[in-house]
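Peer 1: Take this structure first; my questions come after.
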Amino acid sequence: MSRAQVEERVFGVLRWVVIAFLALITLAPFYYMLLLSVKPIDALLLDPGNLWVSARDFTLDTYREVLKPTSEGGQGFVGMLTNSALVSLGTVALTLLAAVPGAYAISRLKFFGGRHVSVLFLAVYLFPATLLAVPLFVMFAKMGLQGSLAGLAIVYIAQTVPVSIYMMKNYFVTIPLSIEEAAALDGCTRLQAVRKVVLPLALPSLMATGLYIFMIAWNEFLFALLFLAAEPDRWTVSLGLQQLAGGIEVSKTVLMAGSVVLTIPVVLLFFAAERLLTEGLTSGADKA
Amino acid sequence: MTRADSGAERRRGRPLTARARENRAGLAFVTPTFLVVLVVVVLPILWTVLLAFQNARLVDIQGMGLFGNWTLDNFDSVFGSPGFWTSLLTTLGYTVGATAGSILLGLVAALALRRPFRGRGPLRAAMLLPYVAPVVAVAFVWEIALSPQFGIVNEWGTKLLGWDQPIAFLSTRAYEVSVLGMEFELPLALLTVIAFETWRYFPFAFLFLLARLQAVPDGLEEAATVDGATITQRFRHILLPQLMPVIALLSVLRFIMTFNKFDDVYLLTGGGSGTDVVAVRVYEFLTARYDVGAAAAQALVLALILMVLLGLYFTFFAKKVQEEA
């Protein structure tokens, strides 16, 4: 057999091994999460290696306990879900509002300092979140915004503006200039042309960007920890789960139910818009 | 008539040229975004620089002005504090390991999923799960799965793989292994954290690499096949050069992100057992000691080191990659 044939065989087999391996490492942890979330803690302690849950053990009490408000002896995840949703939606609105004009200007218009500004927007990523954490922590302590959800949403803008500008800029470039010129001939001002022509055309990109921002805000942990740790009423789901996981009072399977509750909204959103998202993020990578 | 017109024009100034109008519109559109970035990013960073040179603790900051109280003590306490240099070394090891790991696994995945097969779509989507799922949730799952008391990994390891006793993956600083009679010490907790980071971010590399792979024209590879190139040769001489710019870009991006990473390490080990990366130290300075100045100095040092590393990269390697590509 020639070298080419040997390699053909070896890699033909290897490819399926790799595919199976990838499926295992990506799905197994999530299966494990779901599995433990419907077991009572005794069943887990009795047989930690079990990959199945028997009909006798199957329970949804874990979910009941994790969702019930703390006043009724639960862990209050419904309240935390509301907090997370408020912060995330607020961040989406604020970031889009802040990023759309800049992305449009950078992609469409030649203006003084334009290139420097677009470099600056990307350079923001060079600076670690920890570098921002210190002054924001101090500033919020000073302004009394510590422990407020609105303050958190403002902080998240810093995390999401650069990538939003980048994603939308890539899309704006693909909208033909002539459409805007036609609008201008019909008497639109530039602002009207953007609002009535460009933005509707860029709707897929706006949605993808919005979803991405939502996911970043929903999953964020460091700033929630810094600003909200002392205020259990305002905990986001991420923070609540981490804080409870540190203690020993709440059983692990109940917290697993909490993990599922935390994960599901993001995963659902993601699968609803997978195409949109992955293309928005990697557009340009194939041209590089 | 004409006179009146020109008079009016002179009063309003000359009509703007198209370019000038575009310039104005551009500035008008970019200003709101610029202001937001200025307020939430640029000004805080500048303030960090100031704070790093000030004697500032959270209690006195209320009454403190923006300037004054200058001192270099913060840098003394950063460089002089025990464990700073090992922590820096840990950060580097963690960053290099996780960056290389995630890109390598992403590349393998992209190559395996390059050609269509049944179920590729669902698998491709499922593979993005580690990247999109909330870090707190997945870190918790790893923590439970690796737990020495009721974790599935240790249960199976002791039952099926014949481990003598459960391994505390997340709290073992040095794990002794003997290979061929030689004793090694593995930094087990650090390796576990690197594995977690690799697992969580390989989908990111996978996405970019797959997009690039699918843009490689088929003709190139076909021609090479006709000339008798084997799979490894085609990969080495055709695909890899095409992928190199994307790999370089990914390396830089992942390096920056991982170097500053806080969540993953903090959630898994709390920075203990030989995983005390600098980002976690900044957090400790800030919340445990309320020493704002020292925290700022530490964050600043971290950012400067990152910039030096990136500067080195761009002067020495970026050109080379460009030439090869």
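Even glycines carry a Cβ here, placed using N, Cα and C.
The transmembrane segment feature in TrEMBL is assigned to A:12-34, A:85-107, A:119-141, A:147-168, A:250-273. Look at TrEMBL and you will find A:81-273 tagged as domain 'ABC transmembrane type-1'.
Buried or exposed, and what's around them? Tell me for each listed feature.
Peer 2: Long-range Cβ contacts of the transmembrane segment (A:85-107) within its own chain (Cβ-Cβ under 8 Å, at least 6 residues beyond either end) map to 114, 117-118, 121, 149-150, 152-154, 156-157, 160-161, 164-165, 168-170, 172-173, 194, 198-199, 206, 209-210, 213-214, 216-218, 236.
Remote same-chain partners of the transmembrane segment (A:119-141), defined as residues 6 or more beyond its termini with a Cβ less than 8 Å from a stretch Cβ, comprise 102, 106, 151, 155, 158-159, 161-163, 165-166, 222-223, 226-227.
A Cβ distance under 8 Å defines the sequence-distant neighbours of the transmembrane segment (A:147-168), meaning residues of its chain 6+ beyond its ends; these are 83, 86-87, 90-91, 94-96, 98-100, 102-104, 106-107, 118, 121-122, 124-125, 129, 132, 136, 140, 202, 205-206, 208-209, 212-213, 216-217, 220, 223-224, 227-228, 230-231, 234, 236, 280-281, 283.
Tertiary neighbourhood of the transmembrane segment (A:250-273): same-chain residues 30, 33-34, 36-41, 44, 62-63, 65-67, 75, 77, 81, 207-208, 211, 214-215, 218-219, 237-238, 240-241, 244, selected by CB-CB distance under 8 Å and a gap of 6+ residues from either end.
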